[in-house]
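The next block holds one structure in the form of structure tokens; read it before the comments.
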Amino acid sequence: MKERTIQPVNNGLNGNITIPGDKSISHRAVMFGAIAEGTTTIKGFLPGADCLSTISCFKEMGVDIVQDGDEVTVVGKGLEGLQEPKAVLDVGNSGTTIRLMSGILANTPFFSCVQGDASIAKRPMKRVTNPLKQMGANIDGREEGTFTPLTVRGGDLKAIEYTSPVASAQVKSAILLAGLRAEGVTAVTEPHISRDHTERMLEAFGVKVTREGKTVKLAGGQKLTATDVQVPGDVSSAAFFLVAGAIIPNSKLVLENVGMNPTRTGIIDVLEKMGATFTVEPINEGASEPAANITIETSSLKGIEIGGDIIPRLIDEIPVIALAATQAEGITVIKDAHELKVKETNRIDTVVAELTKLGARIEATDDGMIIYGKSALKGNTVNSYGDHRIGMMLAIAGCIAEGKTIIEDAEAVGVSYPTFFEELQKLAK
């Protein structure tokens, strides 16, 4: 279990940083390229552990994939060309891989077994397996398909109109991907609109997708045609440096090529409401996935209330938003964020426990947390518990804490941001 020592940053973080490729888009580009007809070239791919798990699984199903750093070439097999895997499909730590791939496996007439690491074994799969079973897929797993390992025997599916109890892009995507080979029109309705990378990318691959309010529909029988994908930087990774730039004294950062998909930019809205000083300069207007350069500098923040429709737009950024709130004047309330409990860790409990160790005044609620600012943080030994976003949040906290902060299980950051610590060190010089 590797640990990292973080020293206080006395002279601020300064400089330009190119944010690594978006994890959600990288996963989808590989998957959609695999089931498309023709060769897909991906630039800006995130070579983190999660996305490499996706490549590994599709290679196991006979897809020819060549990865060289952040460039990937996928020779598509078409919707009907995947081969039955001879080995168990191992998704590692990747919830996106297992949930989206389940939708593809559900419509493919062969047998497969899917598993992941200890964290994946605790994450709820029934939200995906139930609708896929309703469509006609034969899926089993521990506790009637609630937990991995899962076995899937795909085949002829019928379209469904599904109302999801949760706003989850993974649930929505699994059903839509299954619907590509289902008879009829598949529709998914959500309580709030979740991230829409799947819909955008399906359209880029030539699939007609219809959006009506909180409902997304597609007709079965549509083919995907290979295309080139340019992956923008991951706003969820950018969030750590956006908050760092705002709360570390004497800082000014330029974050280049940050994905600005409106279903993902809740962090930008929150920082604006808290009073952060930043500018956003769009760089690729008209692209299916917009991006921008963002300049942010040390700011005086104030506490706010965060809840409702914005939560799906910033669910992965809540750990670092909580850190920002410890440095804001007044009280910040985060609510309606039950989904935090079923991430890589229970992020409500983990954020509260680890920030409390550093001296923050923060308490857990059933659906979020209450943070009392402004707190002077003090260095301590903390733990990521294998959760990449907790690890990065604690590293930024260590930059403003008095004395050194030791992060246990720090290598978890490699899931989404392999060069995170090197970038942090470079900007602190």
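Glycine residues also receive a Cβ, built from the backbone N, Cα and C atoms like all the rest.
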In Swiss-Prot, the 3-phosphoshikimate site includes K23, S24, R28, S168, Q170, D316. Which of K59, K133, K208, K343 does it also list there? K343
Looking at the binding-site residues K23, S24, G95, R123, R389, whose Cα is closest in space to that of D316 (active site, proton acceptor)? R389
Comparing the Cα of G95 (phosphoenolpyruvate binding site) with the Cα atoms of the binding-site residues K23, S24, R28, S168, K343, the shortest distance belongs to K343
